[in-house]
Amino acid sequence: MKLLLRALFLSLSLCLLPFAASEIQLGSKLVVGEENASWVSKNGDFALGFFNVPDLPNRFSVGIRFNSQSIPSDQRRVVWVAGAGVSVSDNASYFELSPDGDLVLFDYSLGVPVWTSKTNRFSVQSVSSALLGDDGNLVLLNGKEEIVWESFDTPADTLLPNQKLKAFEMLRAASESSRSSYYSLHMVGSGRLELRWESNITFWSSSNQEAVKYKNISAVLTPEGALLVSHQDITKPVWSVFGEDHNDKVKFRFLRLDRDGNLRMYSFHESSRSWRTVWQAVENQCRVFATCGSQVCSFNGSGDSQCTCPYNTFASKCVTPYQKLSCKSSFRMVTFENMELYGIYPANDSVVSPISSLRCKKMCLEDDSCTAVTYKNDVEKPQCLIKLTRYVSGYSDPSLSSVSYVKTCLNPVAVDPSKREVVGTVTKKSHSVCLSCLLGVTSTTFVLFLAFQVGVIVYVYKRKKKEAVKRAERVRNPKGVVVFSVDEIKEMTNDFEDNIGPKMFKGVMSENELVLVKEIEGALTEERKFRSSAAKIGTMHHKNLAKLEGYCCERGKRFLVYEYAKNGSLLDHHAKNLTWRRRNDVCLSVAKALFYLHSECREFVSHGSLSLGNILIGEEFEAKLTEYGFGSCAADKDVEDFGKMVLALVTGGYEEEWVYREWIEGRGETVVDRSLESGFDVEELERVLRISFWCVQVDERLRPSMGEVVKVLEGTLCVDPPPPPFGCVKSSPSNSSGSGQSLYESVRE
């Protein structure tokens, strides 16, 4: 009888276990380091839990991975990560479905949540439980078992079967060494999939021309092994591609944007118990833009791609060897056959065509800014691609007919130390010399000299050791940014000697790297929040965001250390040295930076305090945004600040209501900054003023998104004249009259 009851109890336990493991109750928590800390799907194929971040020891992310017993433990790939690149320490950090219905990833060492699902903004009873589905989708459910939130709507770098990538959504490749990847996959509104590098270089697309007339487009990976771009109301896909094992009996598949920038479809094969690539977007890996960074891609004897540096004999690191400032004498062009080179930081090669090889090489020799050129004669008209940056990537293969020429300095060597000779002369003297005195003086001098040398060696050794420790700490820093003390900031800036703007100082780091140090108001940012924000900002990359090298947060002081900008802040230049073209470019660059923060980061990031003073101007007058990520506001606040910044930049600071009245009454030319000497473009002025006044509307519901602002400034989206933006009473957008009734006039892509 006892045996029968025990068997019955065991069978009931086995029946209840999957349900208990897959349904997640409010208050459930996973803690880093706890044994068997995971939430498992009902069929056991997927599990959610903590995993160690590659390249970052003692850092953990939480995510969903394959969990089937048929897949070896080392092959259980991660398919979704909360907050994508967000990680926590191993000191009691946890992931929780909070009692108020919010998924929370909490970093114990920082004392703050680093990611949330933001579902507690609904009513307290809205979320009643969570469920990890058999398809790998984590969902939050309300009391009616309706889905409130799902992980399928926030993909990281992977799509599972039946998971959709909707229009204007994207995948981003996994971070590497705490740095966000430059590679992303976009489902654009015209119905194409596009692989991009740094958001503005498209190097592959699904090349679908039919989908431009459709809306509600999405991409989906089917369980049978096909990648489709389809419309929800049309049965036939508008674009499709199939894996090698399409329609084969395969249980597990996924689509992933890999770290090397290529998009691949994977299938798990039971026979080999391993994942196999069954399709990839770019067949030739060396054709993935900047897949080798600033090195050159080629293929080895086994047919695998490899990255090498062709300049090793000329430079200590893999950048083109020519530097305008350090090249004191003549230079020459070194030839690399069968090689294509292209600039990546920035990616702005200029093209001259048609042209001869000799003329192409000569143009670089005659241009002080040119670092290398590539001559391509396999096109209809021979081309010369001119590079003005030392950061160059490329592709080398015997099948290429392209030839690259790299500029190299020929600095002379004054003396070869290995061949230095010492020549002495002996003079005979008639008078006697005190040998004991001479020996005494010589011995004393030798001892003093030896002591001096030892002192110098000890000093140099300690200094180098100190610098090495600093460099090692910088490399080991899991957040990707350096944490400085106030004393180090003072040393870096020579006690704030070189002031180059409002609370901005020129500094030099230990590696002789120029930086810009900016002091911000300590009372405005709580310490834990400041540190958390700085750590997150250190992983962001965009050409119009100033790179955060480090920060200081002690003694009530707050300092941010950014990459150096030669021309200071926009506040120093908005009334001088900036032509209309440069001002217009600044507006577009800042708009793109804000669009990146709002829409292209893993989660929404606001600026919060945009002004002329926190926009830096580089050597080529390119705009770079600072102090981003420390504010806490809605997107429409950034949009309003952007509109005010643009109006100040264009007009030189005139009162906004007067500017609007002058413009709306047809006297727009009178509002332009009078310090402009080279004139302005009337059409661009009209475009800039229209979108600026939409941005500063009192009713925030009328304000455009930053993505729409970018399109207007680029000229691909037209807008109606806005209604008066100034007033105390908000009006409903649907009831507004006249020209303010519609924001958009037409869209041209």
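In case you wondered, yes, glycine gets a Cβ from its N, Cα and C as well.
Quick look at what TrEMBL lists:
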DOMAIN    21-153  domain 'Bulb-type lectin'
DOMAIN    156-278  domain 'Bulb-type lectin'
DOMAIN    327-409  domain 'Apple'
DOMAIN    446-749  domain 'Protein kinase'
REGION    728-749  region 'Disordered'
SIGNAL    1-22  signal peptide
TRANSMEM  438-461  transmembrane segment
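Counting residues per DSSP class in helix, strand and coil order gives 8 helix, 56 strand, 69 coil for the domain 'Bulb-type lectin' (21-153).
When pLDDT is averaged over the domain 'Bulb-type lectin' (156-278), the result is 88. Helix, strand and coil residue tallies for the domain 'Bulb-type lectin' (156-278), in that order: 4 helix, 57 strand, 62 coil [DSSP].
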